[in-house]
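Asker: As listed in TrEMBL for this protein:
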type     : residues : note
ACT_SITE : Ser181   : active site
ACT_SITE : His207   : active site
ACT_SITE : Asp304   : active site
DOMAIN   : 4-122    : domain 'Response regulatory'
DOMAIN   : 159-360  : domain 'CheB-type methylesterase'
MOD_RES  : Asp55    : 4-aspartylphosphate
Amino acid sequence: MNLRVLVVDDTIMYRKVVGDILAEMPGIEVVGTANNGKIALTRIASLKPDLITLDVEMPIMNGLETLQEIQKSYPDVGVIMLSTLTKRGSDITMRALELGAFDFIAKPDADVMQENVQLLRNAIGPRVKAFAKRLELRSLLKQRHRPVTAAAPVSSVPPAPTVLASSRRTGKSKAVAIGISTGGPNALTKMLPQLPKLGVPIFVVQHMPPVFTKSLAESLDSKCQYEVREAEHNEIVRPDVIYIAPGGRHMRVASGPGGTKIIQVTDDPPENNCKPSVDYMFRFVAREYGALSTGVIMTGMGGDGTLGLKVLKSFGAVTIGQDEESCVVYGMPKIAAEAGVVDVVSPLQMIASEIIRTVR
């Protein structure tokens with residue numbers, strides 16, 4: 001059965017290019033287009049899309065307003081935001097992701113669209129395939145959890161974390177490192193505010209381009225007990241601060257003067273086609289903190305983070321992976337768990353508790 005997609009953008013060129021890219025993909029049916037959010041909402045009922053590609057900045061009704069209406073009236077319809085690489089665009093996109101948009105795609109400059117069609121194709125393809133896979137998984141999970149009788153109660157209590165391996169270390173973590181990708185802003189918005197000040201730094205790699213990571217840090221800072229900031233080169237690592245790796249750069253930790261730790265923001269080559277890379281950050285956290293660290297791998301496409309977790313685990317660190325059911329995309333945690341480098345598999349609602357357990 002084909003995945004039905006509605007393309008919404010106020011620019012005719014983007015509607016055409018995005019529609020053509022989607023139409024090339026097997027198993028995808030472009031059921032219609034709309035040039036603003038208001039028109040899109042009138043078409044959802046009749047076209048019955050599974051997924052909507054939604055421009056962030058549009059006249060009459062912008063992408064954020066449209067997303068909120070979609071989630072109220074059509075909560076099962078997925079949304080991928082398309083955003084310009086601007087501060088305004090990134091702020092709105094971040095809010096959309098926190099509200100539950102599946103993912104976003106940075107729009108290339110329309111003036112050089114022909115040169116950027118392949119970049120757009122490379123961005124759209126994996127995200128749409130990941131959404132289709134998630135749709136299939138959700139359908140299977142619904143069947144699995146269907147009550148035997150109409151009266152059977154459905155528990156709202158999340159499943160308990162599953163311990164896959166026991167750590168033999170005796171000390172407590174002095175640093176926490178988190179790797180995350182697709183579904184990250186929404187997951188981090190739910191998880192990080194649950195953390196009290198623990199007296200340790202937290203390092204986060206979220207796969208995102210420049211500008212967007214700054215918006216993510218600002219948004220999280222307004223919600224968390226921790227200070228949240230985009231990491232800067234050579235700044236001294238402080239306790240009770242969450243450092244977000246800047247988009248388009250790697251982040252690592254190094255020894256600084258007088259026994260301090262410092263952050264280094266580098267332009268080293270991408271790893272796993274990612275920059276920032278989770279593997280890269282995990283390796284340096286392992287080198288600086290060894291067994292006294294906690295590695296967390298959360299929702300996201302691909303396998304970035306598995307090799308880094310392996311290094312952390314070899315030093316004796318505790319490793320935590322998000323469970324399948326609470327992931328937007330069960331890619332990064334799945335590959336890590338299958339590689340045997342995850343100690344505890346936890347639902348999103350319990351990850352903060354698991355982190356606290358390793359630090360206190």
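Heads up, the Cβ atoms here are built off N, Cα and C, so glycines get one too.
Predicted automatically and left uncurated, TrEMBL annotations should be read as such.
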Asker: Give me the CA-CA distance between the residue listed as '4-aspartylphosphate' and His207 (active site), in Å, as a whole number.
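Answerer: Between the Cα atoms of the residue listed as '4-aspartylphosphate' and His207 (active site), the distance comes to 20 Å.
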Asker: Kindly report the helix/strand/coil residue split of the domain 'Response regulatory' (4-122) according to DSSP, in that order.
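Answerer: Secondary-structure composition of the domain 'Response regulatory' (4-122): 61 helix, 27 strand, 31 coil.
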Asker: Can you give the mean pLDDT for the domain 'Response regulatory' (4-122), rounded to a whole number?
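Answerer: Taking every residue of the domain 'Response regulatory' (4-122) together, the mean pLDDT is 92.
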Asker: Hey, how far is Asp304 (active site) from Ser181 (active site), Cα to Cα, in Å?
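Answerer: One finds 9 Å between the Cα atoms of these residues.
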Asker: Between the recorded positions Asp55, Asp304, where is the Cβ count within 10 Å the lowest?
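Answerer: Comparing Cβ neighbour counts within 10 Å for the recorded positions Asp55, Asp304 gives Asp55.
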Asker: Measure the Cβ-based neighbour count of Ser181 (active site), defined as the other Cβ atoms within 10 Å of its Cβ.
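Answerer: Other Cβ atoms within 10 Å of Ser181 (active site): 26.
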Asker: Which chain-mates of His207 (active site) that are at least 6 residues away have a CB under 8 A from its CB, listed by sequence?
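Answerer: Correct list: Ile180, Ser181, Thr182, Gly184, Cys274, Pro276, Gly300, Asp304.
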